[in-house]
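Engineer: Dumping what TrEMBL says about this protein:
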| type | residues | note |
| --- | --- | --- |
| TRANSMEM | 12-31 | transmembrane segment |
| DOMAIN | 27-268 | domain 'Rhodopsin' |
| TRANSMEM | 43-64 | transmembrane segment |
| TRANSMEM | 123-145 | transmembrane segment |
| TRANSMEM | 165-189 | transmembrane segment |
| TRANSMEM | 201-220 | transmembrane segment |
| TRANSMEM | 240-263 | transmembrane segment |
| REGION | 338-359 | region 'Disordered' |
Amino acid sequence: MTLKGEGLSTVIAMWVLTGLTIIFVVLRIYTRVVVTHSFGVDDIVFSLAFLLLLMFTICITVSAQYGFGQNMNEILNPDNIVRAILWELVGQTCNVIGMSLAKWSLGFFLLRLVTKTWLKVIIWINMGCLMSASISTTFVCWLQCSPHNYLWDRRIEGSCHLDAVSASTVLNSFTIVVDIVFAVLPWLFIWELQIKRQERIVILTTMSLGIAAAACGIKRAASNGGLTNPNYLKATVPLILWSAIEFAVTMICIGIAVCLPLYKDFLKRFISTVSQSHSRIGNMYPYKPGDDSQGGFVPLEYSPNHNRELPKCTDPGNIRPSISQDVNIQYESRGSVKAEEHWQSNSQDPRACYTDPERLIPDGGIHVTQEYKVTRH
């Protein structure tokens, strides 16, 4: 059994979507566990929704091995037709429940943010209606025919007395409405948060990405006619494909919004790393007077206050001649900070040298003061 026709392209697309989705699942879990330490019910529901997306993709892959995406009159083994339809039905069930769970995770996320009672009521009403429609559609799907197995095996006698197309259309309507409501709702309370305008716009934009899922839902609703087509395995390809796209887009959009703290944390770390790199480069290439291409903190001069050149320690004449003599060491950094350090010795230790500030009378009686002057340009 090999994948053929539109079944192959559909399966490839679904696995690509599933792969993209798992990236945001991992990022979301990492954000909630490591960055914000706020793993909650919405994250659990989000993870369950992804498992159902994965099961949906697996079921359609198995169905495609038996003939999904092919004309039914081209499938030589009738048993393969039965298996293909059955696995597709199982996959559709995973999609219906998983889609609702994905939107429920967004609802729980919004409930963590809102404080007004009427907003919470709106969220719960949308979540309740959506889940009710999903469960009803699932029952209609599996109970529409008598006997039940007539649904996937038309070789036996039976009939279908429930309209699965109408139930699916109602469910699609609810998913579209919920996507729009959950995308618009943040605009009613995010503006009241005491945050910067730029951050507020970023949050609202990411949380409004559900409009893209609503657009996919509209496209999916236009494909419901394939449910009653005699060439079922071929006619339902657009429905399965757009269902997977809507499911994945919903998960990705939710993941982008929830992972904002991770992006912000990463940006801070990146800026910090770049700043440290520039600082190290500045120290490796000291600043030279008249050269604006380099930077860093470098000593400009070591001089006693009588402005004569410091002698070397190897010369016997280098012995510090008096107690009251001061040495000033000046540091300068690219026009922004100047620091002066003063050493004053009350010791008469003749071993002191000018060349090493650490050895300007290393034994008792040393008094060290530091002065820092900072200016902005």
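Even glycines carry a Cβ here, placed using N, Cα and C.
Looking at the shown structure, can you explain where the listed features end up?
Structural biologist: Using a Cβ-Cβ cut-off under 8 Å and counting only residues 6 or more beyond its ends in the same chain, the transmembrane segment (43-64) has close neighbours at 3, 7-8, 10-11, 14-15, 17-18, 21-22, 25, 28-29, 32, 83-88, 90-92, 94-95, 97-99, 101-102, 104-105, 108, 233, 240, 243-244, 247-248, 251, 254-255.
With a threshold of 8 Å between CB atoms, the same-chain residues lying at least 6 positions outside the transmembrane segment (201-220) that come near it are 106, 172, 175-176, 179-180, 182-184, 186-187, 190, 195, 239, 242-243, 245-246, 249-250, 253-254, 256-257, 260.
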Engineer: If we call contact 3 or more Cβ pairs under 8 Å (sequence gap 6 or more), are the transmembrane segment (123-145) and the transmembrane segment (12-31) touching?
Structural biologist: no
Engineer: Please report, as numbers and ranges, the same-chain residues at least 6 past the borders of the transmembrane segment (12-31) whose CB is under 8 Å from any CB of it.
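Structural biologist: Result: 39, 43, 46-47, 50, 53-54, 56-57, 60-61, 240-241, 244-245, 247-248, 251-252, 254-256, 258-259, 261-262.
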